[in-house]
Structure formats: C-alpha cells, structure tokens
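First up is the structure itself, then whatever we jot down about it.
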Amino acid sequence: MTALRQRKGSKGKEQPPGAECQPQQANCCTDHHAGKVLHGDWSWGSIVWTSVGWSVSVGLGLLCCIYVATLHENDLWFSNIKEVEREISFRTECGLYYSYYKQMLQAPTIQEGLSDLIHDNLTESKRTINLLQRMNIYQEVFLSVLYRLLPIQSYLEPVYFYIYTVFSLQAVYVIALYLTAWLLSGSWLAGALTGVWYILNRVDTTRVEFTISLRENWSLPFLALQVAAITCYLRPQLTALQQKVMVWLMYVTTFCFCLTWQFNQFILLVQALIIYTLDCIDFLTTTQVTTLYLVQVCSLLSVWLLQFCNSMILGSLVLSFIVAALFIRHCQSGLKTGSLLARLGKLLLHTAMVLLLTFTINYLAKRVLQLRSDEHIFKFIKSKFALGQTRDFDASLYLCEEAFGVLPLDTLERLAGTLLLYPYILTLLLLSGMLVVSALQNLRAKGGSVEERKGAEGRVVALRPDVAYNVLHTLFYGLLAISTMRMKYIWTGHMCAIAAYGVCGTELWTPLLTTVRCNSKVLLRFVRYAVPLAMMACLYYKFWPKLMEEVSELREFHDPDTVELMTWISTKTHKGAVFAGSMQLLAGIKLCTGRVLTNHPHYEDKDLRERTRQVYQVYARQSPVDVHEILRAAGADYVVLENSICYERRHRRGCRLRDLLDLANGHIMDGPGENDPDLVPASHPRFCEAIKTDPAGYTTLFTRTFQNKTFHVYRVKKKRKKSAKTLSEPGATQ
C-alpha cells in the first residue's frame, strides 16, 4: 500500500487524470501508516499500526476458514461417517473433480498418474481423452503431488488435506477483499468491516461448505487477489520497482484464476470491458491500459499451453476483444482530440469498430479451429434474453436451473439485514456520480483550449483511477449477478469492500459534513473511525448469538439408498463395466467405484453434450429398441434409472427433465397445461416408467439387476441370436 502524497507535475511522465491531489479531496491526502512504511517512514507508530492491520486481516481470514470448516463438519458429521459416505457427499460435478485427486493418489507413481489423466478412457466410454486439456483439474494434480511429497500421510487423511486446502483459500479470499478495502480507504478498519460482512453474509458470498470442489471455490480467491493487485497498481506515486512487482502479482493471480475455472474467459471479458471503458474516458494511461490487457493475454496463453493448446481459449471472446481494442486504438491516433461532442462521436465510432472487429476475429478463429465447445453457453445467453430458439435442450437445462435465473429479491433482503446493502447503495450512487462528472471533465479537458486544460487541473471533482476501476468492477459484475444468480458470488464479496470503503473513506462523509457545516479534519477522522466501530459492535450484538447457534447445530449425513447402490456396484460388477445415467449420479459412481461412464457433468464438449442428450432418452417416450441401440452405441453395460428424475416434482411443468426431452423430441408434455400446436403425442410410453412393469418387449433387451426405493439398475443385453443362451444375472435387491 502506498501513501497518496501530493504529486508534483512532470512533463516527462505520463499521469492518469484524477491523480492530482487537491486540498478538497481529503481521502486523497489522508495519511495512512501502511503507505508511510512503504515510502520509508519507519516510525514506530506507522509500523505498529500497519502490523495491527495485517494481524486483523489474517485473524479474520482464519476465522472465516474455521467457520466454514466447522459448518461442513457439523452438517455431515464428516469425521465420523464411512469413506463411501464422504465421497457421496461430493455431489454432482464436485465428485467428478475429486475423483481425479483420488486417482492420482492411487496411481503407483506420479508419472503414471499423469499419464492416465492424459490418456483417460474411464471418464467417457469408447473414447480416450486428455483430461488436462479438457478440464481445469491442475489443482487436483498439484494437491495430490504435494500430499505425496509432504510427510503428513500418517496423521492427515487425503480427503482432509483436500478440503482444508479449499477452506484455506477462503481465508485468502477474505484477506484479498480486506486489502482492497484498505487500499481504497486508507484505513484497515474498512478491511475489518469487509471481513465481518463477508462472514455474516456467508449464504450469499460463498457456498464452499457444501460444494467444496466447485471450480469457483478455487478461482474466486485468486480473482480477489488480482483485483487487489490492480487496485494497488492503479494508485499514483508507485515507484518503478513497485509497479513491476504489481504487474507480476497481477499476472500470477490472473494465471491461477484462469487455470482453475473453465469460465475464466467470460469473467475476464467483463474485466476487459471495464479496462476499455476506463481507457475511453481517460482514467488510465496508455501504458496502464496496454499492461492490463497484456496481463490477461499472457495469462490466457500460459493456460493454453498448460492445457495442451486448448482451442476453447484461443477462440474465446476476450482474446478477440483485446486484439481488436489494441489494434483499433493503435490505428486511431486522433481519438482523444477535439471538442467534447467530437470526442463522444469518436468514442461511439471507435466502440462500434472494436465490437465489429471483435466478432469478426472471433468468428474466423472458431471457423479455423472448428470450435464448438462453448456454443451451448451462447445458446443459453440467446435463450435467456429471448434472442433465439427456446427449445434447445442444452440451453433449457441451464435456463430451468434456479442458479442461472435472475437474482431473487430475498438476496437483497438478507444483505440489507446485515447493514451491508444501504451503505453500498449510497457509496455506489455517490461514486457513480463522481465517475460521470470526472469522465466529462476528462473529455472536456482533453478537447478544450490550453486555458481550459490548465483550469481542469484545479477541478474539485476528481476520482482516482483505482477507485474508478473498483466502481466499474462492482457495477459490471453486479449487472452480471442480477441477470444470473450463480454469478452473485463474484459480486457480493467485492460489494463488502465497496460498502466498507464508503463507510471508512472520505467521499461519503465530506459532502455530508459540509452540508451540516461541520467539515473539519478532526471531526472527519473521528467519524471515519467511530462509525465502522459502531457498526461492527452492532453486528456483533445482533449476529454473534446466531453464529454460535449455527455452529453448535449438529446434523449427520444420511443417504442409505445411494450408499447401497455404490456398495452394490463396487461388489457385484466388474471394474471395466460401463454405466449410463444422469450426469450428477455418474460423477458419484466414478468417484466411489471407479467404473467407466458414458457421460458426466463437465459439459464443455460438443460430442459429450450430444451423447448426454441421447442417454437421457431413457427418461423420454422412446421405444425399448431405440433406447437399447442408443445405450449400446455408447458402450453401456448398465443403466441407472432414478425415481427422482422419472417422477420429478421439483421443477415446474416445462422445466422437468422429461419435459425438456419431450419438447426436444417434438412430443406433448405430461400433465395439465398448454402445449405448443406443433407438438404431437408420442407413440411409445415413457421408458423409465414402462420398463418397471417388465413387459416382454423390455425384458428381452434389459434385465433388472438392482433396485431400492430410489434407484433401478438394468443390465443392457447384447444382441444375440434367438437360440443363444442368456447369461444369468445377479438377483435384484429389494
């Protein structure tokens, strides 16, 4: 952290607009001890105050880590349940990712484990795929290698090493948000308030305690660190060495973020749009813009190399956008000249050219690379905003999930209940207004006369580049979160930092105190310290008993039907058996039994999506012959049918899986309600219902081998001549 001291004019050094420190801008000139230490002021007061700030950040990070670990333990009684139950608790895609960590540990050597991942034929039947290229599982590889090398095997089980690492990243996340608020406000009390808000709003800031292996739980802490590094990099008065350190920190954190989440390109695209906006309104220098873009490009290309030249990265929109933005910027040398209206017109033309070139480059790149891995995401976007067809099966799978819907209003009610929403809205409104005014001043100053430019240097409203970046960051990702609820976890953490900055900074208090004619340095400093302390005391009084009650509430994992299924598969089927079924269940089968799958939840592959749609015909109205041919084509030996899907009631009509299949097949949906006029009645009963009555047309192709209250498992018979003897099957379990 660097102190914001008065910047001296220098003709030979490029300075971003808003870097000047005016007397009216108290926050710009506020002395804060961390900055003094970095600038060589090693007074005891500065050292002690900064040390206390860092200690509080580490303490809050550890508190968050222990909190989520305790919730996870108490919810499942994780330390007391069987190993198979622990593995079942890794639901859906979490189980798939964790299975590769387990696979690496079970391999005779690290080299053999890596070779098995590179030439994997267990995840998708009848196919050999490179998992390190297809999926973002380097974190599992790294942890498995680390566990092998460290002398901890005798007292720490592999599963605990894994989950404790993920929980520790939550501590990193809190510390990163803490530093961002500290850097913006100049007071570590803002960081403390940020950490408190993050913990109290756990329901809306993280879901790590029950979705441990999700890629976002690995990547978002690195994104928060990257935002903190960008905030520091954009502050004025950094030395050349400090700038280099910040650039490297930005690269490392961006690289780690990209390496751990397959949706990195879409998050970085939003960030690239933020950088582009700041460049257009003259908050960043040419060097800063180019550096930030190149950090993104270098990070993505580094991941591209590690992922064995994954074409999805080269065909990403963010790379196309950065290339287009830099190229058009270089070609339009007179972009930042002229009057205000002329500049606004040039910016509109400039933006249109950048977008046109972006889509052109992206279209050509995908044609050359023959890239179709991410087309389901664009189908989802088109359907969500009513820009295209709505019967697409892949798009409908996303649209019908609550996580991909609009942010519900109860989220805002919860955020308001912890006193977070109100200061956030006030801060956002004030800073957004300042951003607009500063942007107009920047555009007018560049385009006006020499006298106007000189007059602009003494303007009252000036926003620092680091503040401007964070304002746009929370605005852009806030809009993303409101449109898609799953993305709220990117927004809510940063929301805590912005709200704390508003409470502990001067931008909010200076105009309020000026309005009541009480604006003095002593009173301003008192308010900046007293208000956050009072808020934290109020939050402690209101929520500490609730937290204690929450961590003392004990539950236990209980899923006997799934445990019974996994035990039967492990003991009654051969290791090379291929299983078909729902994506979520098959991920658990892969983890618990090591059997081969026909499909799985990692959906970023065109052929896999098509196979999944075909396998899911077991829940559609299809003939037994057609279903048998589909399953044999996928190499399936067994198919697992789930009552919870066949008779689903969780989703509304039109969003149940069987409804999505009926619509995709052109069939009328079940139950009362309207149907589109082009839909027709199906000529066959629903397969998952009809097969349970054992009619002759089904028993000749399928044999029931296991059943309980939740699952029915059928062996898929191979086609034989009528005179051939059929193999005996294990008895059905009741």
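For all residues, glycine too, the Cβ spot is worked out from N, Cα and C.
Residues or ranges marked as compositional bias 'Basic residues' by TrEMBL: 1-10.
According to TrEMBL, the region 'Disordered' annotation covers 1-20.
Within the same chain, residues 33-34, 36-37, 163-164, 167-168, 170-175, 178-179, 182, 188, 191-192, 195-196, 198-199, 202, 206, 208-209, 547, 551 sit at least 6 positions outside the transmembrane segment (46-69) and bring their C-beta atoms closer than 8 Å to a C-beta of that stretch. The transmembrane segment annotation in TrEMBL covers 46-69 (among others).
Look at TrEMBL and you will find 181-200 (among others) tagged as transmembrane segment.
Long-range contacts of the transmembrane segment (248-274) within its own chain (CB-CB distance under 8 A, at least 6 residues past either end) are made by residues 135-136, 138-139, 215-216, 218-220, 222-223, 225-226, 229-230, 233, 292-293, 295-296, 298-300, 302-303, 306, 312-313, 316-319, 321-322, 325, 377, 469, 472-473, 476-477, 480, 490, 602, 604. Residues or ranges marked as transmembrane segment in TrEMBL: 248-274 (among others).
Non-local neighbours of the transmembrane segment (294-327) in the same chain are 118, 130, 132-134, 136, 138, 247, 250-251, 254-255, 257-259, 262, 264-266, 268-269, 271-273, 276, 279, 354-355, 357-359, 361-362, 365-366, 369-371, 373-374, 604; each lies 6+ residues outside the stretch with a CB under 8 Å from one of its CB atoms. As annotated by TrEMBL, transmembrane segment applies to 294-327 (among others).
TrEMBL lists 347-365 (among others) with the feature transmembrane segment.
With a threshold of 8 Å between CB atoms, the same-chain residues lying at least 6 positions outside the transmembrane segment (421-440) that come near it are 17-18, 281-283, 340, 412, 415, 461-463, 467-468, 471-472, 474-475, 495, 498-503, 507-508, 511. According to TrEMBL, the feature transmembrane segment maps to 421-440 (among others).
Sequence-distant contacts of the transmembrane segment (461-483) (same chain, six or more residues past either end, CB-CB distance under 8 Å): 4, 16-20, 22, 25, 28, 180, 183-184, 227, 230-232, 234-236, 270-271, 273-274, 277-278, 283-284, 288, 384, 406-407, 428, 431-432, 434-435, 437-438, 441, 490-492, 494-495, 497-498, 501, 507. Residues or ranges marked as transmembrane segment in TrEMBL: 461-483 (among others).
What TrEMBL lists as transmembrane segment is 489-510 (among others).
What TrEMBL records for 522-544 (among others) is transmembrane segment.
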